[in-house]
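Encoded as structure tokens, the structure appears first; notes follow it.
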Amino acid sequence: MRKLLLLIAASLLGVGLYAQSAKIKLDAPTTRTTCTNNSFKQFDASFSFNEVELTKVETKGGTFASVSIPGAFPTGEVGSPEVPAVRKLIAVPVGATPVVRVKSFTEQVYSLNQYGSEKLMPHQPSMSKSDDPEKVPFVYNAAAYARKGFVGQELTQVEMLGTMRGVRIAALTINPVQYDVVANQLKVRNNIEIEVSFQGADEVATQRLYDASFSPYFETAYKQLFNRDVYTDHGDLYNTPVRMLVVAGAKFKEALKPWLTWKAQKGFYLDVHYTDEAEVGTTNASIKAFIHKKYNDGLAASAAPVFLALVGDTDVISGEKGKKTKKVTDLYYSAVDGDYFPEMYTFRMSASSPEELTNIIDKVLMYEKATMPDKSYLEKALLIAGADSYWNPKIGQQTIKYAVQYYYNQDHGYTDVYSYPKAPYTGCYSHLNTGVGFANYTAHGSETSWADPSLTATQVKALTNKDKYFLAIGNCCVTAQFDYPQPCFGEVMTRVKEKGAYAYIGSSPNSYWGEDYYWSVGANAVFGVQPTFEGTSMGSYDATFLEDSYNTVNSIMWAGNLAATHAGNIGNITHIGAHYYWEAYHVLGDGSVMPYRAMPKTNTYTLPASLPQNQASYSIQASAGSYVAISKDGVLYGTGVANASGVATVNMTKQITENGNYDVVITRSNYLPVIKQIQAGEPSPYQPVSNLTATTQGQKVTLKWDAPSAKKAEASREVKRIGDGLFVTIEPANDVRANEAKVVLAADNVWGDNTGYQFLLDADHNTFGSVIPATGPLFTGTASSNLYSANFEYLIPANADPVVTTQNIIVTGQGEVVIPGGVYDYCITNPEPASGKMWIAGDGGNQPARYDDFTFEAGKKYTFTMRRAGMGDGTDMEVEDDSPASYTYTVYRDGTKIQEGLTATTFEEDGVAAGNHEYCVEVKYTAGVSPKVCKDVTVEGSNEFAPVQNLTGSAVGQKVTLKWDAPNGTPNPNPNPNPGTTTLSESFENGIPASWKTIDADGDGHGWKPGNAPGIAGYNSNGCVYSESFGLGGIGVLTPDNYLITPALDLPNGGKLTFWVCAQDANYASEHYAVYASSTGNDASNFTNALLEETITAKGVRSPEAIRGRIQGTWRQKTVDLPAGTKYVAFRHFQSTDMFYIDLDEVEIKANGKRADFTETFESSTHGEAPAEWTTIDADGDGQDWLCLSSGQLDWLTAHGGTNVVASFSWNGMALNPDNYLISKDVTGATKVKYYYAVNDGFPGDHYAVMISKTGTNAGDFTVVFEETPNGINKGGARFGLSTEANGAKPQSVWIERTVDLPAGTKYVAFRHYNCSDLNYILLDDIQFTMGGSPTPTDYTYTVYRDGTKIKEGLTETTFEEDGVATGNHEYCVEVKYTAGVSPKVCVNVTINPTQFNPVKNLKAQPDGGDVVLKWEAPSGKRGELLNEDFEGDAIPTGWTALDADGDGNNWDITLNEFTRGERHVLSPLRASNVAISYSSLLQGQEYLPLTPNNFLITPKVEGAKKITYKVGSPGLPQWSHDHYALCISKSGTAAADFEVIFEETMTYTQGGANLTREKDLPAGTKYVAFRHYNCTDVLGIMIDDVVITGEGEGPSYTYTVYRDGTKIQEGLTETTYRDAGMSAQSHEYCVEVKYAAGVSPKVCVDYIPDGVADVTAQKPYTLTVVGKTITVTCQGEAMIYDMNGRRLAAGRNTVVYTAQGGYYAVMVVVDGKSYVEKLAIK
């Protein structure tokens, strides 16, 4: 109905509380309710109360007292004295009658007169929100107030209420208080012990009914039952799929399809029916009968629907008139058992047309799939307690404050909570447009509006919250009355297109003040007092934030209705009743949606790479409690729920029988959905990683995983033909012993004549050159029968014999032999019967078919595959690691490979862009790769960090040079307002570090301790620290005062502390703690002022007395600003008792990067001298400059603060024309400057300016940002200088304050005194700089990537060079790394010409006396390319010379591949891009002028050159194809006269244009090569491209450069040895590179380790232990572990652990610059 806005004084209503109260202490230490010994037969319960509170109230009937007990509710007959009672909802087994036996209690009488209390007030009926308070009578039963003696209910009462989703519900009421109204006395029965037995209970039927009806989606409701623990041991808990019955109007069939498809993908088994089906029908009776039958049939089959979706308005599904409300209700479609408790979650997607239904569905799909472009709106909420002069201060405000205090706050992830507990409400609904995830209004309403503040249906239609859809709850009258003649408020809210809500919870009839209050916060004792979590039952707010529950829109409504049921009374009409509220409240929209609570979490999951066919189930890893579904094309195949270990067994109701892509959807309350596709097919034989996890910290992503199982993935033998005559074998790889190798010979009828191969191995390796000839066949004709057995210990096949016609050969297939690892001679033979020869296979493959002294390494498999090679044959050898670790890991982000070759089971990537990313890890084996295992990661924030600008890249030879401009073109673009560096980060994974301090201030022997999972799990980790207020193992109650103190910190500018905290038990959560900072010491007395102090509250499930530690509380992140100078931080656990543990984890402290603001007072400067630490410039050169003045020296001077100022004069005994600069020190990062100035009031016009410089301190570096000419009295009179006295007059003006904003990039500030003369002075004092971001260039650094791999970080310069880059195209990228994140990468492509710069070979380092001698072999004998030029730049390449010998101004140039010169069309057939060209005619206007070119194009120096190849071309038309050129060489210089012709030609036309490749030998001594264009005129031009010059090795065409520990120590060497004098005693890394004329080779490096060191008599500054094969080095420095080949195996600081194989190792430790080396033998 339409509501009136009532503004009525409280005195006009029945009662009005005011703050006069008293508390009566009872005979119990605490108020507590417990349920124990719970079973299907009985349970025990105890109730104790520690106080009764009396509050004086004024009513229309007089003054009374209200009595309350925490956790109890007001009861009584209307008009009779009101007393509190405790009410619990209990589960009753099938067939049982609950019987209560009181075992014991205490009883005490209290005289209220002693407390000055009035009579207890009469109990009043509930008030509808539609009632006019003026007309509500105050009910007073005079007879009840004349009755003598104690009056009250029986101590215990039980009432059966009905059956709710398979559980019979009863109300257990405890009435602890009786009242003698005449004597004004209370009788309180306390410490009540009872036993509730279930007589006639049928346990089997109870369990059967529960099993048949159970769904995890009803846990929210089950958790409100007092004795719920009897149902927790449910074996099939995670095998129950979600089922939904859908009944829809026939007109919605098409519009409903996308929603049905999604629900099936999500894992809902759908049973969909329409009203045009005969069994459904169109009447209310037929639809209800159909639904009831469906539910009962489903219950009988243990497949009862969880949800009932009604689709359409009342024209297709009418609903019916409520028995209690007399308004339309859908309750009885789902209340199947004949009572008022529903069996299904019911919601109505009310739409009058398919278009309106589509509007609802579109919003639901975006919300559930989380595809909204900006999810940040989910972190915002709107809470409104509407206007009502009486009830708003008694109920409305308390409701909203409860929500904010416990849930809608920063601790729960909300960034903005728009709370309006009372007027004014200005602009409150504007937040719906900007975006909120939740909106709640409680007060008055009408069928089409929230009343005050008013939001009408028309205004809802004008909302603009596109893509920001929310859940709305209206605790008010009639806003969900869906049979109203026009769409009701809730219908409009859900039906509007691209705006409004995806679901609305509201009441169809009038709602009631008290019941709506209970509905929201839970049933509680008294109005007008702020409710507490502990003093209320579970309400809808509490249920919304239950952890690990399937919280849906429907379950929120159920929780509210159960709270109203909880508060209901027995045997009286005090309240409107629970039945009314179950009829009243409805969900419009999709009630099966699980609302997000602020920003949803990211699910941790692992998907199989494929789904094998015909399996009954699949295992999928996901966060515990996740619901996992597999479907295809909208058809659901199977579902499962992830158990506590995070494994979901997806049971398939429809098996996969076809290949294709199948949808996998993972959902969980308050988690982002996972929506993926998996290919169905045969499983991969290659095992993937397991237990992949992904965590984020800022923009850093960390992946961790477990290695594949020890049994290697190549588990079955497989033979694959991969080409004609090419055969590959894959087989198990871990089937040899540690000292063995496997040799495999494979072939596929290579010659097509069934002649195959044999493999002969000589373990003595002494047959090569004799039995095995270096060339030619093994033998011809007949060989000795014992040739093989006498010389070859191992054969493939095992029965191979020396007969050319033998069948004991490998023709097609493979053979193998296992041999001891070691050195062998071998050969692979091939018989040729026609010639009688036993050939040794040719060398056409990648491995010789005969070998002298080949090493077969233990633990490896060698596969020799025979193949045709032209007219001959050959072998390709593939080597596999035969150990279980013969694989590496490859990491992908968003489908792109970002790292490969990993051997560790962890990976970190910093600077990841904000947003959602998919990371995948695959295992790369020798013979194949595993399926990818993937994880979704959400990186918070936005890419707001400025990138570099104007990045360029160039290459000369193999050297790449990058150049760029700083971000935003400024030296300090850091967008982070509070940058800093991490000073401390501790996760307590290895306990409490020794550098931390603990203080047990209460001395009970129980301080902070380390804890580990599973008992005490850390935040996203195993470890944390904890402190106890209750000890297990008989310790009992503790009163802790425990300090946990960080190591010493250096925070001159303060910092920011973040940490995670939680209660170890959510049911004993009230742990009190504080955070302190000390700038002095780390004793308890040094910590005085708390920066943060709070008591943890449970915010999770509540339960009766339980085993402590059973339900860990919710981890909450806290942030604390630390003051400047903080040296220590302390976490103090105190003022707590009888709870359990407080847990602490992930402590991180970041130092503020911001420089402290500072003020220059000039007090440290000297009178008459330039100010200290400032720079002055006397730009006018008159010898008068800025200087310090002291009021102690000049009596006319008054400083602004202190005694000193600075001054500049325009008159100082004489007229001056000043141009004086006063320049600050470096103030990079300053954003403002505030200062004070004064002038002579008599001569006030001294002009000055404030100037800034972004570069240096020269006068020309500064620009004006502010200037002024001061005003004054202009009264003339005395002027004053350094040598004058005031004589009593002080004409100095007052001090004037100015503040000037400084532009970004300001480095220096100057005060310039100029543009004035013959006045007097300007004074400055107290100059204050306000600093912004971090002031130094280390605000950010640059990171350089090549081809996706990070190659350099920490750069501060805007240039980078890399030498020795491999040939080919490369992508270079530069990103800016800020303290708070990284910028997007800016990239450029750079091409390195394919010139081969061969490195040295076989570098070795050996000691010789006190020296280190390096030896190496020269690069490969083929010198390789000395020059390779493709002219792809836009100018003549660097190093080349273009010589215009004829002097006409026309020379060689670079042109594109196709161009037009008038009518002379030129087409370059040489390449697809640029060429070098010289012209023989010149276009001027419309005519060509002839040229007579004599142009030289000269290469860089190419000493040692032997051969040149190039491409030469002429235009594509015959009449202009006769240009002449010559190839010339010089053995001296680059003048034209230095060159001699070695080849020349006149071009001739060929079809399509000339495209000629020339290859010419170059004479010995060639230094330069030139292309000379001459002896032609008036043709067009000559084009040259792709010039390659190679050398053979003579001549000094390269030199060697030697590096020690990264530093160049010698260059220009031509010998292949180098002696490093005096360096043999310490370990070093030596590298040698080859420097060619056009570039350098890659470095080749070796680690030198001395044989030993002198005995050290002093104690070694490290410890070295070997346990088994694990080497552990601990030191206060660096440690490195090497093998005897000098390869570094492990390195690190402080502690290095390495698991070795058998053999010898060297350990080097460097402490304080001194090296120590030890050798180890590992058996």
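Cβ from N, Cα, C; glycine included.
Annotated features, as they stand in Swiss-Prot:
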- HIS444: active site, proton donor (ACT_SITE)
- CYS477: active site, nucleophile (ACT_SITE)
- ASP313, PHE482, GLU491: Ca(2+) 1 binding site (BINDING)
- ASP337, ASP339, PHE341, GLU343: Ca(2+) 2 binding site (BINDING)
- SER987, GLU989, SER1021, GLY1023, ASP1145, GLU1146: Ca(2+) 3 binding site (BINDING)
- ASP1000, ASP1002, ASP1004, HIS1006, ASN1042: Ca(2+) 4 binding site (BINDING)
- ASP1430, GLU1432, SER1480, ASP1585: Ca(2+) 5 binding site (BINDING)
- ASP1444, ASP1446, ASP1448, ASN1450, ASN1495: Ca(2+) 6 binding site (BINDING)
- 964-985: region 'Disordered' (REGION)
- 1-24: signal peptide (SIGNAL)
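Structure with Swiss-Prot features highlighted.
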residue : record                : Cβ contacts under 8 Å, 6 or more apart
GLU343  : Ca(2+) 2 binding site : THR163, MET164, ARG165, GLY166, SER213, TYR295, ALA304, SER334, ALA335, VAL336, ASP337
PHE482  : Ca(2+) 1 binding site : ASP313, THR314, GLY319, VAL328, ARG348, SER350, CYS488, GLY490, GLU491, SER508, HIS586, LEU588
ASP1002 : Ca(2+) 4 binding site : THR1039, PRO1040, ASP1041, ASN1042, PHE1134
GLU1146 : Ca(2+) 3 binding site : GLU986, SER987, GLY1018, TYR1019, ASN1020, SER1021, THR1058, PHE1059, TRP1060
ASP1444 : Ca(2+) 6 binding site : ASN1450, ASN1451, ASN1494, ASN1495
ASP1446 : Ca(2+) 6 binding site : THR1492, PRO1493, ASN1494, ASN1495
Legend entry - DSSP-derived structure type at GLU491 (Ca(2+) 1 binding site), helix or strand or else coil: helix
Inset, instruction - For ASP1145 (Ca(2+) 3 binding site) and HIS1006 (Ca(2+) 4 binding site), determine the Cα separation and express it in whole Å. - result: 19
Inset, instruction - Select the closest residue to SER1480 (Ca(2+) 5 binding site) from the following binding-site residues, measuring between CA atoms: ASP339, PHE341, ASP1004, HIS1006, GLY1023. - result: GLY1023
Inset, instruction - Could you check the binding-site residues ASN1042, SER1480 and say which one's CB has the fewest neighbouring CB atoms inside 10 Å? - result: SER1480
Legend entry - Nearest recorded site to PHE341 (Ca(2+) 2 binding site) by CA-CA distance, among binding-site residues GLU989, ASP1004, GLY1023, ASP1448: GLY1023
Inset, instruction - Give me the Cα-Cα distance between GLU1432 (Ca(2+) 5 binding site) and ASP1448 (Ca(2+) 6 binding site), rounded to a whole Å. - result: 26
Legend entry - Least buried by Cβ count (within 10 Å) of the binding-site residues ASP337, GLU1432: GLU1432
Legend entry - Integer Å distance between the CA atoms belonging to the residue listed as 'active site, nucleophile' and GLY1023 (Ca(2+) 3 binding site): 51
Legend entry - HIS444, ASP1004, ASP1430 filtered to the recorded positions whose C-alpha is within 10 Å of CYS477 (active site, nucleophile): HIS444
Legend entry - Cβ within 8 Å of the mean position of the Cβ atoms of ASP1444, ASP1446, ASP1448, ASN1450, ASN1495: remaining residues of the chain near Ca(2+) 6: ALA1445, GLY1447, GLY1449, ASN1451, LEU1491, PRO1493, ASN1494
Inset, instruction - Within the same chain, and leaving aside SER987, GLU989, SER1021, GLY1023, ASP1145, GLU1146, name every residue whose CB is within 8 angstroms of the centroid of the CB atoms belonging to the recorded Ca(2+) 3 site, in sequence order. - result: GLU986, PHE988, GLY1018, TYR1019, ASN1020, ASN1022, CYS1024
Inset, instruction - Go through SER987, SER1021, ASN1450, ASN1495, our binding-site residues, and report the one whose Cβ sees the most other Cβ atoms within 10 Å. - result: ASN1495
Legend entry - Integer Å distance between the CA atoms belonging to GLU989 (Ca(2+) 3 binding site) and the residue listed as 'active site, proton donor': 54
Inset, instruction - Can you figure out which of ASP339, GLU989, ASP1430, ASP1448 (the binding-site residues) comes closest in space to ASP1004 (Ca(2+) 4 binding site), comparing Cα atoms? - result: GLU989
Inset, instruction - Report the nearest neighbour of ASP339 (Ca(2+) 2 binding site) in space among the binding-site residues ASP1000, HIS1006, ASP1448, comparing Cα positions. - result: HIS1006
Legend entry - Rounded Cα-Cα span from GLU989 (Ca(2+) 3 binding site) to ASP1000 (Ca(2+) 4 binding site), Å: 22
Inset, instruction - Round to a whole number and give the Cα-to-Cα distance in Å for the pair ASP1448 (Ca(2+) 6 binding site) and ASP1585 (Ca(2+) 5 binding site). - result: 24
Inset, instruction - Please report how many Å separate the Cα atom of ASP1430 (Ca(2+) 5 binding site) from that of GLU989 (Ca(2+) 3 binding site), as a whole number. - result: 58
Inset, instruction - Would you kindly give the Cα-Cα distance separating ASP1585 (Ca(2+) 5 binding site) and GLU989 (Ca(2+) 3 binding site), rounded to the nearest Å? - result: 63
Legend entry - Between HIS1006 (Ca(2+) 4 binding site) and ASP1585 (Ca(2+) 5 binding site): CA-CA distance (Å): 83
Legend entry - binding-site residues compared (ASP1000, ASP1585) - the one with the fewest other Cβ atoms within 10 Å: ASP1000
